Amino acid sequence: MAKDYYKILGVDRNATDEEIKKAFRELAKKWHPDLHPENKQEAEEKFKEISEAYEVLSDPQKRRMYDQTGTVDFGAGGQNFNWDNFTHYSDLNDIFNDIFGGNFASDFFSGFGRGQREEQYDLDLYTNLDITLEDAYYGTEKRIKYRRNAMCPDCNGTGAKNGKLITCPTCNGTGQQRIVRGQGFFRMVTVTTCQTCGGRGRIPEEKCPRCNGTGTVVVNEDISVKIPKGATDNLRLRVQGKGQSYNGRTGDLYVVLRVRNDRNVQRINDDLMIDQKINFAQAALGDTIEVNLFREKYSLKIPEGTQPGEVLRIKGAGMPHLNGHGSGDLLVRVNVEVPKRLTQKQKDLIREIFDIKENHRSWFH
C-alpha cells in the first residue's frame, strides 16, 4: 500500500514548501530517537518515515511524480527509501543544533553507512625563484636545487619487498578506521585514515629494505626551469612529477617567480619605461639618438621643441607578451640637461637668440 506522505507530515496536498519544511522540523524534533529511550525502535521507524516524506515532498520533481503516480523512484533502491537517498542534511543539521548543539549531521549519517572519503595528501611542492627584469625580457633557464620524497626505485612506491602486499589487518582493507562514540540510535561516528596502512588498505608482507616500507626515499633534485619571455611577478610555473611522492602517486613542483625591480627600467604591464638625457640643443632643434635597453640598442627621433619630461614611444620594443605574439612598447622619458657652465660667447649667443637683456645676466651665473 502506497504511503500518504502528506498525512505523515500532517499537511494539506496544496501545502507550500515553507509549510512542508516547518512540519518536518517540528516532527523531527518530536520523534528524534534519543528523546524516546523508552520506545527507541518505534521512534527510529517514525523518524525515518518522516524523513522519507520530507525527501519526497521537498523535491519538486519527486513530489510531482508522487502526485501523479502515488509512488517515487529512489534510484538504486527502487521504491524503498534508505538513508543514502536523503539529501537534505543541512535541514537536519539545523534541527540537531537546536536539540543538541554543535554540528552533528555528517556524523549522524555515518551511523547509517555514509562513510567519509579517504584522507587526501597534498603532494605538490612550492618554491620561490628570484629573477631580474632582464631575465623576464629575454627569457632564460634557471637551475633549482631542493629535496623531496621520491618514489622508491626498488619497490616502485609499494613499500614491499618484491612488491607483495597483504590486506591491512587493522582496517580489513578499507583504508579507514571508524571510531564510534555514544550509544543507541544517535551515534557519533568519526572516520579517519587508517594509521597502519595510511589509507591504502594494504601493507607490505615484507618491508622494502631500501625505504623501510614507506615507499619513498629522500632525493636531492637539481633541475632546470625554463623562464618564458614576458614572465610576470607571482607567475607560477608547473614542473610535472617533481613534487612529493606517496602511495604510488607523485605531485608537481610549482615555481613562483619573483621579478626584482630594475633601477633603470620601470615595467608598466608590458610597456617598459626608461629615462633618457638630452641636451638643450637636441630638445630645441631635434635630433636622432641611440637609446639602450638591456642588451638592445634602438634609434629614437627627438622632435623639435621636445619638452622636459615628455614621453616618446618606440613601438614593439617593450616586454614580450607572455605566451603570445608581439611586445609592449618602450617609453622614453626625456630629461633635458641644462649646462651648469657656459662660456661668455655661449651666454651671449643665448641672450641674442632669446632676446634677453643685459639686466638678466644673473640667469646665467
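Even glycines carry a Cβ here, placed using N, Cα and C.
Here Swiss-Prot flags 4-70 as domain 'J'.
According to DSSP, the secondary structure content of the zinc finger (139-220) in residues is 3 helix, 37 strand, 42 coil. Summarising the annotation, Swiss-Prot assigns zinc finger to 139-220 and lists sequence analysis as the type of evidence.
Positions annotated as repeat 'CXXCXGXG motif' by Swiss-Prot: 152-159 (among others). The list of residues near the repeat 'CXXCXGXG motif' (152-159) in space but at least 6 beyond its ends in sequence, with Cβ under 8 angstroms from a Cβ of it, reads 165, 203-204, 207-211, 213-217, 245, 247-248.
Per Swiss-Prot, Zn(2+) 1 binding site is recorded for Cys152, Cys155, Cys208, Cys211. Non-local neighbourhood of Cys155 (Zn(2+) 1 binding site): Lys161, Gly163, Pro204, Cys208, Arg210, Cys211, Gly215, each in the same chain, at least six residues away, with C-beta under 8 Å from its C-beta.
As annotated by Swiss-Prot, repeat 'CXXCXGXG motif' applies to 168-175 (among others).
Cβ contacts within 10 Å of Cys194 (Zn(2+) 2 binding site), excluding its own Cβ and spanning all protein chains shown: 21. What Swiss-Prot lists as Zn(2+) 2 binding site is Cys168, Cys171, Cys194, Cys197, and the listing cites sequence analysis.
The list of residues near the repeat 'CXXCXGXG motif' (194-201) in space but at least 6 beyond its ends in sequence, with Cβ under 8 angstroms from a Cβ of it, reads 118-119, 167-171, 173-177, 246-247. Under the heading repeat 'CXXCXGXG motif', Swiss-Prot lists 194-201 (among others).
Positions annotated as repeat 'CXXCXGXG motif' by Swiss-Prot: 208-215 (among others).
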For the domain 'J' (4-70), the mean pLDDT of the predicted model: 87
Cβ-Cβ under 8 Å with the repeat 'CXXCXGXG motif' (168-175): same-chain residues at least 6 beyond its ends: 118, 193-197, 199-203
Between Cys152 (Zn(2+) 1 binding site) and Cys171 (Zn(2+) 2 binding site): CA-CA distance (Å): 25
Cys208 (Zn(2+) 1 binding site) CB neighbourhood, other CB atoms within 10 A: 22
